[in-house]
Protein chains: 2
Amino acid sequence: MSEIFEIVKKNGKKRLGVLKTAHGIVETPNLMFVATQASVKAMSAKDLFDWGIQFLITNTYHLYLRPGLEIIKNAGGVHKFMGWERTLFSDSGGFQIFSLSKLRKFKDNGVIFQSHIDGSYHEFTPENNVDMQRVLGTDVMMVLDECMEYPVTFEYAKHSVKRTLDWAKRAREQFLKTSPIYGYKQYQFGIIQGSIFENLREYCSKELQKVDFDGYAMGGVAIGESKDYIRKVIDMGDRIMPNDKPRYLMGVGEEDDIKYAVEKGFDLFDCVVPTRNARNGALFTEKGKILIKNAKYKNDFSPVEEGCNCHLCKNYTRAYLHHLFKSKEMLAGILATEHNINYYMRLMKKIRGSI
Amino acid sequence: MSEIFEIVKKNGKKRLGVLKTAHGIVETPNLMFVATQASVKAMSAKDLFDWGIQFLITNTYHLYLRPGLEIIKNAGGVHKFMGWERTLFSDSGGFQIFSLSKLRKFKDNGVIFQSHIDGSYHEFTPENNVDMQRVLGTDVMMVLDECMEYPVTFEYAKHSVKRTLDWAKRAREQFLKTSPIYGYKQYQFGIIQGSIFENLREYCSKELQKVDFDGYAMGGVAIGESKDYIRKVIDMGDRIMPNDKPRYLMGVGEEDDIKYAVEKGFDLFDCVVPTRNARNGALFTEKGKILIKNAKYKNDFSPVEEGCNCHLCKNYTRAYLHHLFKSKEMLAGILATEHNINYYMRLMKKIRGSI
């Protein structure tokens with residue numbers, strides 16, 4: 001049983017569920033748009049709220065470095081800081097330490113890294129990372145994990161999983177020892193690592209379940225490995241992850257992967273795919289991806305997607321959006337992001353409808 | 001008498017008026033936000049419409065080069081291309097040829113210039129410039145003029161005014177010889193040049209009045225000269241410009257200059273001041289300009305402007321906007337632009353209320 005998650009319906013491995021936090025409900029399967037620096041790029045939280053977006057995810061690494069936790073605390077948490085009133089997850093920053101920071105050195109206690117902004121040195125430990133996420137006040141926090149690169153040797157992966165597990169235990173202890181700052185409950189998810197090695201992933205999951213988290217995530221996926229390997233890890237999910245807790249596939253956002261993972265019993269997703277593609281001029285439609293900078297759209301006065309109800313498709317043409325991108329107008333990224341967010345909301349709704 | 005302009009009330013030199021075009025009315029005095037490339041930077045035309053913005057100005061130089069007139073024609077004019085349903089002015093591009101293009105060479109017929117985008121060569125003549133603005137389908141087009149730099153000698157200015165007048169006559173002839181393409185009426189304004197020389201400006205204005213335009217603009221102002229000289233040219237306006245036609249002070253947008261010019265009998269303004277300042281983090285408030293990137297706003301959880309009804313001030317704090325600017329988030333420029341546009345709408349409304 002899970003305090004925050006209820007499975008409403010099962011169909012094969014597919015699960016229709018509801019995640020409940022102090023800031024509202026999330027119908028699952030569902031995807032979080034990414035507000036790395038307390039902002040979904042080009043979008044106002046108020047608009048996202050009005051469109052019915054149910055949750056977002058922000059990032060401890062980024063917010064810790066800028067604006068800094070003191071500011072977030074003075075604001076009363078990230079929700080208030082960024083004006084977001086619904087459910088908010090936070091990633092621990094483990095992945096960003098691995099992908100962004102200039103130096104990464106493991107110490108007994110945790111990891112020392114250099115800020116990608118100003119080169120200053122910082123230390124994250126499983127414990128201080130929980131404290132940080134208490135300050136963020138996010139509804140669901142992720143534990144600090146080691147994100148391995150891909151590929152790694154089995155030996156390295158084994159060693160790394162040991163560290164991730166040690167950290168997870170310490171993070172849970174810290175979580176249970178501390179209290180929310182802003183008067184509402186927070187939850188904590190464990191992260192299953194193990195690269196593409198099934199026995200490591202299985203071991204990691206089992207050990208994490210002994211710790212007993214509020215939910216479980218599959219981490220270290222879609223970081224450069226082939227689609228086959230992504231699918232291989234997704235395939236493990238239903239077998240190695242608990243049934244009664246939310247299952248979160250981190251960093252996966254391609255439509256086909258999401259659909260595949262829902263089939264295999266995953267509930268939660270997050271990805272920059274919709275927003276980053278938008279800013280690069282790639283728009284998702286039911287008939288496929290439109291690369292709007294392509295010259296063939298120069299003279300195309302139809303909407304990006306017929307029947308789409310978004311601000312872009314209701315008011316502007318492909319030719320206009322093409323022009324905005326070619327002219328490097330800010331409005332290009334704004335309109336495209338609105339569309340892709342709308343597309344993904346529809347996609348997730350359709351996926352839920354199919355269960 | 002003017003077909004498109006009516007003075008509703010006079011108070012000293014101040015004029016409260018209404019400008020009427022096929023796309024609606026504009027209460028004057030009023031300021032056009034600038035949609036150089038068929039987009040007010042960071043803003044959707046639909047939103048501007050919903051906020052009650054009454055007119056915008058776009059640019060022949062820019063649209064001619066990109067997306068090109070064929071696209072605009074296929075769209076059915078700039079209004080349709082950019083989804084703007086209210087009044088739209090277009091500048092001839094004279095100023096952009098002077099300020100942006102790599103080369104500028106006067107020929108008997110007009111001016112040859114090199115595109116700032118790809119270095120290609122183009123020729124604008126008074127006649128083809130009118131034809132271009134017929135294709136744009138803007139409600140009010142400006143004649144092609146020579147924008148002198150500042151400072152210039154009297155001799156140069158005299159020579160230049162002669163050219164501007166010659167072009168103005170030819171532009172008017174072309175205008176009267178041609179018809180609108182999209183079934184609604186277009187109007188044409190003349191532009192008074194003469195640098196800071198009052199007798200040249202006066203001569204230019206008199207000669208333009210003989211040509212008989214639908215409105216008159218003071219051009220070549222605020223291009224580097226001191227505030228004193230800007231004021232000096234503004235001071236000439238009431239004396240040398242006709243009473244019964246709209247008077248447009250081009251490129252002026254600082255609040256004190258607008259107020260001064262309204263006192264002196266000007267009706268129309270356009271400027272990138274509100275939008276460009278916004279993107280640079282300068283926000284206008286009734287208590288003065290806020291430079292939001294300043295460290296003192298890092299921890300300031302009040303709205304940018306108390307009592308302001310814009311999206312930014314209703315939903316977000318100074319601390320959050322400061323963070324967005326520091327983090328180079330697109331939302332920074334978007335929210336700031338919304339605020340400054342809102343501020344300028346309020347400003348112009350107050351100015352009208354004071355007449």
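Just so it is clear, glycine is given a Cβ too, placed from its N, Cα and C backbone atoms.
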Which range is region 'RNA binding' per TrEMBL? Of B:160-164, B:275-279, B:305-309, it is B:275-279
Out of B:ASP47, B:ASP145, B:ASP267, which does TrEMBL tie to the same substrate site as B:ASP91, B:SER92, B:GLY93, B:GLY94, B:PHE95, B:GLN193, B:GLY220?
-> B:ASP145
Listed alongside B:CYS308, B:CYS310, B:CYS313 for Zn(2+) in TrEMBL, from B:HIS159, B:HIS323, B:HIS339, is B:HIS339
Region 'RNA binding' according to TrEMBL, located in which of B:125-131, B:174-180, B:251-257 = B:251-257
Around B:CYS313 (Zn(2+) binding site), how many other C-beta atoms are within 10 angstroms of its C-beta?
-> 24
Compute the C-alpha separation of B:CYS310 (Zn(2+) binding site) from B:GLN193 (substrate binding site), stating it in Å without decimals.
-> 38
If H, G and I count as helix, E and B as strand, and all else as coil, what does DSSP give for B:ASP270 (active site, nucleophile)?
-> strand
If you measure every Cα to Cα distance among B:ASP91, B:SER92, B:GLY93, B:GLY94, B:PHE95, B:ASP145, B:GLN193, B:GLY220, the residues said to bind substrate, what is the biggest one in Å?
-> 15
With the substrate site defined by B:ASP91, B:SER92, B:GLY93, B:GLY94, B:PHE95, B:ASP145, B:GLN193, B:GLY220, which remaining residues of that chain have Cβ atoms positioned within 8 Å of the Cβ centroid?
-> B:ILE97, B:PHE98, B:MET142, B:VAL143, B:LEU144, B:GLU146, B:CYS147, B:ILE191, B:GLY219, B:MET250
Count the residues of the region 'RNA binding' (B:275-279) that DSSP assigns to helix (H, G, I), to strand (E, B) and to coil, and report the three numbers in that order.
-> 5 helix, 0 strand, 0 coil
Three-state secondary structure of B:HIS339 (Zn(2+) binding site) from DSSP?
-> helix
May I ask you to report the DSSP-based helix, strand or coil state of B:ASP91 (substrate binding site)?
-> strand
Over the span of the region 'RNA binding' (B:251-257), count residues by DSSP class, listing helix, strand and coil in order.
-> 3 helix, 0 strand, 4 coil
